[in-house]
Amino acid sequence: MSSPGDTAVLVLAAGPGTRMRSDTPKVLHPLGGRSMLSHLLHAIAKVAPQHLAVVLGHDHERIAPLIADWADDLGRPIDVALQERPRGTGDAVRCGLSALPDDYAGVLVVTSGDTPLLDADTVADLIAGHTATRAAVTVLTTTLSDPSGYGRILRTQDNEVTAIVEHADATESQREIREVNAGVYAFDTAALRSALNRLSADNAQQELYLTDVIAILRGDGLPIRARHVDDSALVAGVNNRVQLAQLGAELNRRIVAAHQLAGVTVVDPATTWIDVDVTIGRDTVIHPGTQLLGRTQIGGHCVVGPDTTLTDVSVGDGASVVRTHGTGSSVGAGATVGPFAYLRPGTVLGDDGKLGAFVETKNATIGTGTKVPHLTYVGDADIGEHSNIGASSVFVNYDGESKRRTTVGSHVRTGSDTMFVAPVTVGDGAYTGAGTVVREDVPPGALAVSAGPQRNIEGWVRRKRPGSAAARAAEAAEKAAGGRPAGEAE
C-alpha cells in the first residue's frame, strides 16, 4: 500500500467543455480574479505534494504556457501530460501517470480542473484520512438537492461503497440517490495502475470511466473508503455558464465575508465584488456597486465607492475614492479621487492629493498635496507638490505621431482652460492666466499669459443678428439703462 508522506496530485483538464459554448477552454474561464484551473493549482500548492501534474488535451497549446507561468509564481514545478484523444477520465489518468516517476508508489490524488473552490484543507484531510485507513481508494462525496449529471454513490446495507455509477448509465432508482461523486480521489498508485489496465468502454459514452475503478478494486477485495464533504460548494464542478456564475457568486460571498470578519465594512455585499488577491485594511468602508479586481490593495480607514471599479490599484490609508474607474494606478494616503474620475495605467497620485470630478489621468505623476479639482486631462505629465491645476485644463501630449511629456513644478497655480502643449516645463511657483496656451517653458515664479487684450465690438448682435432673441434682450437692457443702442448714431 501507499507510503505515508509520498503524495502526488493529478489534475484532469483535458475535456473540451462543449457545454460552455465558448472559444475559451473551460478551465480558463475566470471567477474571482483567477481562472478555474489557477484557483485549483494555488490550493493544491499549499498542500505541497511531491509531484503535481495537469493532464491536457483540448487547447493544450493555450493552457500549457499559463501553467508554466503559474508554476513560476508558485515557486514549484508543475508537469504537463497530454491526452491525445478524448477517451474518458480513466484514459486521462493513465496518460497522467506518465508524468510521474515509473517507480512512484505513494498516494495519488486525482481531481478535475473545473472545481475552483476546492481548498487545501479539504485535499489535506482527504490525504490524511486515506493514509490512516490504508485504503486502495478514498473518494470524496457530497449530497446535493439536485444531483442531475453527477455520478451516484452506491453503498451496501452496511454503508460500504461498492461502486460509482455515472448519471447516463444509472437506473431510475439509482438516480434517486442524492449522494454523489465529488470527482476527487486518493488512490494507492499500485492498485490504481492495476485497475486501469482492466477498464472497459462498455457504457453509454463508450469511454473509459475512472469511476469504474471503484468496482474493480472492490472486486479485488481491497478496502474502499469515502469521505463526505458537507460544504458541497467546495467540490462543485462547472459545466456551463450558469454554474460558473453560481460558483462565482458563492466565491465572492466568501471573499466578502472574510473581509468583513477582518474589520472591513461592506455596506452591500450583494453588489460588491472583490477578487481573491485583493487586500483591504481595517476600518475601510466599501459602498455599494464597487468592484475591487486583480491585485488591488486598499489601505485602512479608506472610503471606496459607491459605483467604483479598481483594477490593480493601490490606495493608501485614509484615502477616499468615489465613483471612479481606475486601472494600474496608485493613490496616496489621505488623497481624494472622484466623483467620475478615470485613472488610467501609470497614474500616481501623491499623499493628500486630489483628482476631482471628471478628471482623466494617464501615465502621470501628481505630487503630494497637488489638486486637479475638475474637468481636466492629465496625460504623460509630472506635477510637483502642492500645485493647483485650474478647471478644464488639458495636457496636450500627442502631436499626431508620438507622445510627449509635460513637467509642472511645485506650488504652481494655473488658470482655468490652460493648455500645456508638450514638451514644455513650468517652473516652481509659476502662474498661468485663464485660457493660456503654454507652448514654451515658463520660468519659476513667472506669470504666463498668451491671450491678447479683450476687444468688445459694440452693436455686433443688433447688426449681425437683427430680430433675434439676443438682439431683443440687448436692446431692452440698453433701454432700461437709459442708453442708446450700441452703434446707433446720435
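Along the chain as shown, the residues are counted starting at 1.
Every residue, even glycine, has its Cβ placed from backbone N, Cα and C.
Per Swiss-Prot, region 'Pyrophosphorylase' is recorded for 1-241. Sequence annotations record features per position, and here Swiss-Prot assigns UDP-N-acetyl-alpha-D-glucosamine binding site to 12-15, LYS26, GLN83, 88-89, 112-114, GLY151, GLU166, ASN181, ASN239, ARG344, LYS362, TYR377, ASN388 based on sequence analysis. Per Swiss-Prot, Mg(2+) binding site is recorded for ASP114, ASN239. The region 'Linker' feature in Swiss-Prot is assigned to 242-262. The feature region 'N-acetyltransferase' is assigned by Swiss-Prot to 263-490, with sequence analysis given as support. Swiss-Prot lists HIS374 with the feature active site, proton acceptor, giving sequence analysis as the kind of evidence. Among the features that Swiss-Prot reports, acetyl-CoA binding site is placed at ALA391, ASN397, TYR398, SER416, ALA434, with the record citing sequence analysis. Taken from Swiss-Prot, the feature region 'Disordered' applies to 462-490. The compositional bias 'Low complexity' annotation in Swiss-Prot covers 467-490.
Everything Swiss-Prot records as a feature, shown here on the structure.
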residue: GLY15; record: UDP-N-acetyl-alpha-D-glucosamine binding site; contacts (Cβ under 8 Å, 6+ apart): LYS26, GLY57, HIS58, PRO86, ASP114
residue: GLY88; record: UDP-N-acetyl-alpha-D-glucosamine binding site; contacts (Cβ under 8 Å, 6+ apart): ALA201, GLN205, GLU207, LEU208, TYR209, LEU210
residue: GLY113; record: UDP-N-acetyl-alpha-D-glucosamine binding site; contacts (Cβ under 8 Å, 6+ apart): VAL11, LEU12, ALA13, LYS26, VAL27, MET36, LEU37, LEU40, VAL54
residue: GLU166; record: UDP-N-acetyl-alpha-D-glucosamine binding site; contacts (Cβ under 8 Å, 6+ apart): GLY151, ASN203, ALA204, GLN205, TYR209, THR211
residue: ASN239; record: Mg(2+) binding site; contacts (Cβ under 8 Å, 6+ apart): GLY17, ARG19, MET20, LYS26, ASP114, GLY149
residue: ASN388; record: UDP-N-acetyl-alpha-D-glucosamine binding site; contacts (Cβ under 8 Å, 6+ apart): THR370, LYS371, PRO373, VAL412, ARG413, THR414
residue: ALA391; record: acetyl-CoA binding site; contacts (Cβ under 8 Å, 6+ apart): PRO373, HIS374, LEU375, THR376, SER416, ASP417
residue: ASN397; record: acetyl-CoA binding site; contacts (Cβ under 8 Å, 6+ apart): GLY379, ASP380, ALA381, LYS403, ARG404, ARG405, THR406, ALA422
residue: TYR398; record: acetyl-CoA binding site; contacts (Cβ under 8 Å, 6+ apart): GLY379, ARG404
- Note on the structure: CB contacts under 8 angstroms to ARG344 (UDP-N-acetyl-alpha-D-glucosamine binding site), restricted to the same chain and 6+ apart in sequence, sorted by sequence, are THR327, GLY328, SER329, GLU360, THR361, LYS362, ASN363
- Message: Please give me the CB contact count at 10 A for HIS374 (active site, proton acceptor), counting all chains in the structure.
- Response: 19
- Message: List every residue in the same chain as ALA434 (acetyl-CoA binding site), at least 6 positions away in sequence, whose Cβ is under 8 Å from its Cβ.
- Response: GLY390, GLY415, SER416, ASP417, THR418
- Note on the structure: For acetyl-CoA, with binding residues ALA391, ASN397, TYR398, SER416, ALA434 per the record, max Cα distance (Å, no decimals) returned as 22
- Message: Around the C-beta of SER416 (acetyl-CoA binding site), how many further C-beta atoms are within 10 angstroms, looking at every protein chain?
- Response: 17
- Task: Give the number of CB atoms, excluding that of ASP114 (Mg(2+) binding site) itself, located within 10 Å of its CB.
- Result: 26
- Query: Hey, does DSSP put the residue listed as 'active site, proton acceptor' in a helix, a strand, or just coil?
  - Reply: strand
- Other CB atoms within 10 A, centred on LEU12 (UDP-N-acetyl-alpha-D-glucosamine binding site): 24
- the region 'Linker' (242-262): DSSP-derived helix, strand, coil residue counts: 20 helix, 0 strand, 1 coil
